[in-house]
Amino acid sequence: MRRPRGCATKFVDWRVKTMRNYAIHGGFTGLAASTRVRLARNVKGYPYRNLTPGQLSEIANKVWDALSAAPAVANGLHMTDVRAGSQEAMQLIEKHMISPEFAKKGGKLIASDSGDIAIMLGEEDHIRLQVMGTGLCPKECMETAKRIADLIENRVPFDYSDQLGYLTACPSNLGTGLRVSVMLHLPVLTQSGAAERLVGWAARQGFTVRGAYGEGTRAAGGFYQISNQITLGLSEDAIVDKLITAATEVIDQEKKAREQLRSQNEDALFDRIARSAGVLRHARLLPSQEAVTCISDVLIGLQMGYLTGVSPEELIETEQMTQPALIAGAPHERDRVRAQKLREVTENLRIQG
């Protein structure tokens, strides 16, 4: 770990390392963009809300010291102060490392360079520990998150009830304190209107469906988060298994919808994919919304065999890393840089058929 106790926190350029640097990679890449496991914990003896700066620093140092006891886990982690509303906070939202709520209030963050491990200190709960991977990989992310949480708990006492489990600021997180989320790419279900029915189906199964950046955000490009609603009365393994089953079922529905679209009007589908591929390969200016739409179409083309030459993971990573705050600069310059990066990543993109 790279911050001796008591020293100033370190500035990190979150644009350097990306999703390909994640330690965990799962299946269904392109349909399941990424997986996140998040554990909520609170430290005994501290108020749940309105921590003073001194109390937050005490908690941060306790967590830091606990992690330092296991270099194999701690190596590559660092602590930084996230200022409320800062450019860095916006970048961290775009990398899905912090919540919009955390960005608004600020706090301390312990994270890996790539962002696959991120521990928010001072969000709604004292500790929000999350682990991310590419594709569908809840079990693997859960193993890593649990190992880190246990390491902290060995030295930092958490608020825990024998009847209720881990105590949290919001009752919806009581019990395991576990939220498992999978980012799914569902453009054809969205186009057909079936995504709206998916929201109702998910609620009946105990899940919630949101846009790519959480509650209240749009599902740009057909990207949705599906996550568990219930944390009390279920084991961690049961929650993970249930989400895998639900995500796999939704992925199957999207694949069937794509095949139905192919059978109904393959020429129109192929034309849409080819046009978007041409835009990504040759455009000199690309606004964010147009880029997401074209990337979504190209991901369909890759999954259905119309396109080759770039991996879905590379394309999803580039979409994330070309969000406005991560590029920075004036709008025209952002559009220019975004187009350049997408030309580079699609240089070998080829149309089949």
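Each residue, glycine too, has its Cβ placed from N, Cα and C.
Summarised as a single figure, the pLDDT of the domain 'Phosphagen kinase C-terminal' (31-257) averages 92. According to TrEMBL, the domain 'Phosphagen kinase C-terminal' annotation covers 31-257.
Secondary structure at Arg210 (ATP binding site), taken from DSSP and collapsed to helix, strand or coil, is strand. The ATP binding site annotation in TrEMBL covers 34-38, His96, Arg128, 179-183, 210-215.
The binding-site residues in question are Ser34, Val37, Ser181, Arg210, and the one with the fewest Cβ neighbours inside 10 Å is Arg210. Around Arg128 (ATP binding site), the same-chain residues six or more apart in sequence whose CB sits under 8 Å from its CB are Arg38, Leu39, Ala40, Ser99, Phe102, Ile119, Met120, listed in sequence order.
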